[in-house]
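Feature annotations, reproduced from Swiss-Prot:
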type	residues	note
COILED	139-226	coiled coil
COMPBIAS	355-404	compositional bias 'Polar residues'
DOMAIN	33-295	domain 'F-BAR'
DOMAIN	472-663	domain 'Rho-GAP'
MOD_RES	Thr386	phosphothreonine
REGION	1-21	region 'Disordered'
REGION	325-439	region 'Disordered'
SITE	Arg508	site 'Arginine finger'
Amino acid sequence: MEETAKKPASATVSAKSSHDGGTDDLAHLFSTPEIKKVLNSDVAINALLSRLKQSLLTCEEFMKFIRKKYAFEEEHVQELSKQYKHFFNIQGSTNSSLKKMIHEVLGFDGKMAQVKQSYITALQKMYSEISSLLLTMTKLRKSVKENSKRLEKDVSDAIHSAEKAQSRYNSLCQDWDKLRMTDPTKTKLTLRGSKTTKEQEEELLRKIDNADLEYKQKVDHSNSLRNTFITKERPRIVQELKDLILEIDTAMTIQLQKYTIWTENLVLNTGVTISPLDSTKSMKSFAGSVSNERDLYSFLNKYNQTGKHSLLINKNLIPVSYKKHPSMNHGQKNKSPPKFAVDPSRNSIPKRMISTHNESPFLSSSSNTAAVPNANLNSATPSLNTNKQLPPTMASSISSTSNAAGAMSPSSSIVTSDTTSSITKTLDPGNNSPQIPEELINSLDSDRPISHIQTNNNMPPGVQKNFKTFGVPLESLIEFEQDMVPAIVRQCIYVIDKFGLDQEGIYRKSANVLDVSKLKEEIDKDPANISMILPSKPHSDSDIYLVGSLLKTFFASLPDSVLPKALSSEIKVCLQIEDPTTRKNFMHGLIYNLPDAQYWTLRALVFHLKRVLAHEAQNRMNLRALCIIWGPTIAPANPDDANDVNFQIMAMEVLLEVSDQAFEPE
């Protein structure tokens with residue numbers, strides 16, 4: 001498509017005829033008596049010089065506008081032609097028609113940028129022409145002004161000289177009249193001796209004759225210069241100034257018409273680009289081609305494809321069948337307690353996948369309380385998963401067991417301490433042959449997320465109260481709760497994921513200190529009060545800010561940061577690595593060597609912060625802001641400078657960058 005439209009021939013002819021006719025009609029205006037009177041007066045030159053200066057100022061101002069406009073338009077075109085390509089890139093066949101149509105509609109910005117490029121070129125040419133016109137007219141005005149001032153000065157100087165000769169001549173005549181009235185016999189002493197009155201009269205008459213001659217000559221000279229200036233030079237200068245004024249004004253009128261024509265062409269070509277006259281699809285037709293129902297149908301239908309049938313069933317929702325334990329069939333009411341106990345210090349809480357996204361840790365389930373009669377036994381047999389993400393240098397030596405899953409029957413829920421010890425050994429990342437006994441793999445349920453906890457039955461009986469949550473080491477809290485992530489962390493993450501992801505300034509805005517302190521004290525009195533974190537209905541923004549402040553308070557109150565202080569030297573080495581890939585692999589290794597409590601708690605928090613980042617457009621929390629807030633809380637201080645906050649911020653940035661590589665996906 002052509003970038004510019006041709007000038008309409010009729011418009012050009014009409015403009016030309018109008019201009020010629022207008023010139024013929026207006027030519028007689030300068031022949032009117034009132035205008036002739038002004039042009040023939042002494043004020044004509046100064047008046048026309050002033051008028052020409054106004055035209056030059058108009059030309060200069062229009063030139064500045066054109067320069068600013070083409071600079072602005074050029075920058076706009078450059079940014080527009082580059083930026084629209086960075087959004088809604090279509091890759092693959094999974095994109096919806098909405099995304100494809102947005103991509104097509106934004107493509108019109110590139111086409112309009114091409115159309116505007118010719119407009120910018122025209123503006124640049126106009127600016128060059130107006131600049132040359134201004135420079136030329138300024139020089140001509142200066143030349144005419146200097147010439148007129150010089151001629152006026154010559155006439156003025158001649159008249160002034162004639163006036164001085166006249167004054168000298170009149171003064172001598174007055175002296176001669178006085179001398180005639182004096183005594184004839186009186187003498188006058190001079191440097192040359194005494195002179196009689198007669199001698200004085202003779203000398204004075206000679207001076208009068210000379211002064212009279214000079215006076216007459218200067219009068220004739222001044223009159224001659226004045227007549228020449230008035231009859232010849234001034235009309236020529238006036239005509240020249242008048243021509244310059246009309247010339248610059250006519251040139252500016254033409255430039256103004258060119259500006260309007262190019263602007264009209266820009267608008268017309270832009271309209272043709274958006275709504276083509278041929279069969280090409282317009283911007284509106286692309287926008288109307290969106291099929292939301294078809295997009296949703298295609299998205300849902302892909303779950304029927306081969307290899308995705310397992311996604312249709314949530315293993316967490318498979319009901320548990322009630323089966324009485326064989327040992328309970330002998331009618332013995334008072335049975336001795338088991339001869340073994342689960343030892344948390346021997347890693348009785350196995351590593352497994354957890355999920356805190358869109359799941360409340362306090363959703364009650366009747367099947368969980370009815371299936372297991374003993375809360376202690378239930379909490380001692382969590383599901384097993386060994387998928388703790390390995391760094392690249394170790395991944396090849398350890399086999400994955402993330403898919404080993406099966407429903408755990410009541411008969412297999414009790415494991416002896418020797419068996420537990422053997423499982424612990426097989427889960428050791430340093431073990432060269434990490435194998436889990438086949439009979440145990442078949443009896444473990446590895447797909448059940450641990451984010452579902454009970455508000456009343458998750459704690460051992462008799463120890464619900466007076467167990468502090470804040471200021472307690474993560475290992476002690478995990479051992480007490482018999483879970484992988486502290487309940488307060490899961491509950492706070494659940495609330496913010498559900499209600500606060502789109503809330504502006506989440507984690508940046510703090511809640512009332514008294515409210516945070518009061519809720520903290522209630523939870524320290526009784527861990528069951530964690531349920532108080534759930535906001536009331538309807539909730540306010542302050543309720544969500546309170547949860548965010550409580551979560552920050554929990555991590556800040558830990559005796560040791562989630563990334564232990566012992567790793568501060570290694571973290572410093574990591575941050576000094578320049579290569580991004582090597583730096584991420586190094587941090588991956590540090591994360592892999594973390595204890596289970598720190599590993600899984602850090603994993604839950606990091607994935608939650610990434611979900612907050614995904615809603616940056618709504619909550620205005622970018623990566624830098626989150627790292628400034630969480631870095632000093634999660635990472636240890638610089639071993640060489642405890643006041644170096646940037647060390648902790650940079651460590652948090654690397655941690656978020658390596659999260660997908662270092663942690664199991666949710």
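Glycine too: its Cβ is placed from the backbone N, Cα and C atoms.
Keep in mind it's a predicted model, so treat the numbers as computed, not measured.
According to DSSP, Arg508 (site 'Arginine finger') sits in a coil region rather than a helix or strand. Long-range Cβ neighbours of Arg508 (site 'Arginine finger') (same chain, at least 6 residues apart, Cβ-Cβ under 8 Å): Met621, Ala625, Ile629. Residues belonging to the domain 'F-BAR' (33-295) score a mean pLDDT of 83 in the model.
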